[in-house]
Structures are given as C-alpha cells and as structure tokens.
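Per Swiss-Prot, the features are:
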- Arg37, Gly38, Asp88, Asp89, Leu90, Val91, Asp92, Thr93, Gly94, Gly95, Thr96: 5-phospho-alpha-D-ribose 1-diphosphate binding site (BINDING)
- Asp89: Mg(2+) binding site (BINDING)
- Asp92, Ile135: xanthine binding site (BINDING)
- Asp92, Thr93, Gly94, Gly95, Thr96, Trp134, Ile135: GMP binding site (BINDING)
- Asp92, Ile135: guanine binding site (BINDING)
Amino acid sequence: MSEKYVVTWDMLQIHARKLASRLLPADQWKGIIAVSRGGLVPAGILARELGIRYVDTVCIASYNHDNQGELKVLKRAEGDGEGFIVIDDLVDTGGTAKAIREMYPKAHFVTIFAKPAGRPLVDDYEVDIPQGTWIEQPWDMAVTFVAPLSAK
C-alpha cells in the first residue's frame, strides 16, 4: 500500500450517520449483522441512529493489521440475511464481501468505505477510497505526543 487514509472518530461518526440516513425507514429492518471486527463500531452507530436493538455478528478473520490473509469464518449469524443490514467498515478486494454475499444473499450489505475492486459487491457505501490506499481506522490508533519541529 502506498498511501494511507487516516480516519478519526469524528469522521467515522459523520460517515456512518450519512449512511444510516439512507437506510431509513428503520422499521424495514429486522436487525443488523456486524462483520467482526471492522463492522462492530459502525454497527453500533447504525443501531443507535436507526433505533435497532437486535445486533448480531459474523466473525471473519482475514487481516492481520496490514496483511490480508486466508479467509476464516469463526462464527456466523443464522439465516439468509432477509430483512437485515450487514455492515463492515470497508470493502477492499472483495474477498470478505464475496463470503458475506454467499452467507447472506438476501441481506442489504453496506460499508463505510469502498475501494474499486469491491464496490460492485455492496449495496451501499459512503466513501470512495483508491485501491492502493491503506485505511487507518481510529480503533487501531492512539494519540501520542509529537515534539515541535523546532525541538528536532
């Protein structure tokens, strides 16, 4: 990955709320399925904004911080996804998205961020990201002290 796109908590909240506004009316949904781990925080925001209390998870391991590896389903939510929103933070190459589509063919699959290779696999997303860009999510970062330039 050549570029980095840093996401702050504020940015994530704004993007998730914009996405939630397009998922109204909320009474059309039975619940939300969060793709663990990237979809957990966005799912919480969507659940709040839409007033949805039923939130389940599908647990898929594919990344080890900045390396994408073999896809492994650790836990899945029951059903075919009918009436459910499935949320992940990002669709990248489409590996996870293809697995989600197979497991939940009737779900409405959304992400906050989408790269070109994965875009056709989601029903909606909020932010376009170039394919070669690595996204730094706020839950993967910490605020640290940086010395002033004059002190170096």
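Count begins at 1; order follows the chain as displayed.
Each residue, glycine too, has its Cβ placed from N, Cα and C.
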Residue among the binding-site residues Asp88, Asp89, Asp92 whose Cβ has the most other Cβ atoms within 10 Å: Asp88
Fewest Cβ neighbours within 10 Å, where candidates are the binding-site residues Leu90, Ile135: Ile135
Arg37 (5-phospho-alpha-D-ribose 1-diphosphate binding site) and Asp89 (Mg(2+) binding site), Cα-Cα, nearest whole angstrom: 9
Rounded distance in angstrom between the Cα atoms of Asp92 (5-phospho-alpha-D-ribose 1-diphosphate binding site) and Trp134 (GMP binding site): 10
Those binding-site residues, out of Arg37, Asp88, Leu90, Thr93, that come within 10 angstroms of Ile135 (xanthine binding site) at the Cα: Leu90
Maximum Cα-Cα separation (Å), residues Asp92, Thr93, Gly94, Gly95, Thr96, Trp134, Ile135 listed as binding GMP: 17
Local Cβ density at Arg37 (5-phospho-alpha-D-ribose 1-diphosphate binding site) - other Cβ atoms counted within 10 Å: 17
Pairwise CA distance, Trp134 (GMP binding site) versus Leu90 (5-phospho-alpha-D-ribose 1-diphosphate binding site), rounded so that it is a whole Å: 11
Annotated 5-phospho-alpha-D-ribose 1-diphosphate contacts Arg37, Gly38, Asp88, Asp89, Leu90, Val91, Asp92, Thr93, Gly94, Gly95, Thr96, maximal Cα-Cα distance (Å, integer): 17
Thr96 (5-phospho-alpha-D-ribose 1-diphosphate binding site): secondary structure state under DSSP, collapsed to three categories: helix
